[in-house]
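The structure appears below as structure tokens.
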């Protein structure tokens, strides 16, 4: 602990108007000042603190300077590294975090089903500009419509769902707006068949749809085509003939029409 020497007869009288002012001799114009220079921590050893007289101006009281020196001396006795290195940070982390092995688990499909499904409304016409209409409760047909009959054209609700991870195409399901009917692919006899299937609107559409409802949408310039996810290389198709049912076919670019124009509608 630093100590302030006791006053003796050899010490001169000083006066000051303010604690923050310099100390001057009471009887002379020499204006001899007394202040303490901050110690160099690198030079401090076991010998204690060395007080020095300096001619530099400090706007601090003598009591404040002595308190600062005592505090600096206590800090100088603390053990510390000159540079903060990576090992120091690693040691801190080891005290806070505990390393444990990470295991991966496959999530149940229920969580995927709860995900929000993004959808849009659209109309589809084949390359011959035939529109799709609902000919009976569960049959879609493609035919040319006159202007006064365009209200018969089916509006699809296209929902974006989960597909195979290894497939880069866009998986979608196609439902009829406000009818709870969805296009699906089923095997009838020995041939995949396209049909309309009614679903509970409280449960569908959902992110993880059954594979028979899923189609992979591919865009080719300004046209789109829809391939069955359950039956690869089978596509939603229309006939070149008028007023025939929409079906599932394999003849791309042949007699059957597999490419469509899509008109996106506002919600």
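Backbone N, Cα and C atoms are what each Cβ position is placed from, and that goes for glycine too.
Per Swiss-Prot, the features are as follows:
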SITE      169  site 'Important for interaction with integrin'
SITE      177  site 'Important for interaction with integrin'
SITE      179  site 'Important for interaction with integrin'
SITE      188  site 'Important for interaction with integrin'
SITE      202  site 'Important for interaction with integrin'
Return the member of 169, 188, 202 nearest to residue 179 (site 'Important for interaction with integrin') in space, with distance defined Cα to Cα and candidates limited to these recorded sites. 202
Densest Cβ neighbourhood among 177, 202 (recorded sites), 10 Å radius: 177
At the level of the C-alpha atoms, what whole-angstrom distance separates residue 169 (site 'Important for interaction with integrin') and residue 177 (site 'Important for interaction with integrin')? 24
Could you say whether, by DSSP, residue 188 (site 'Important for interaction with integrin') belongs to a helix, a strand or a coil region? strand
Residue 177 (site 'Important for interaction with integrin') versus residue 202 (site 'Important for interaction with integrin') - Cα distance in angstrom: 15
Of 169, 188, which of the recorded sites has the most Cβ neighbours inside 10 Å? 169
Inter-residue C-alpha distance, residue 177 (site 'Important for interaction with integrin') and residue 188 (site 'Important for interaction with integrin') (nearest angstrom): 26
Cβ contacts within 10 Å for residue 179 (site 'Important for interaction with integrin'), all chains included, total 15
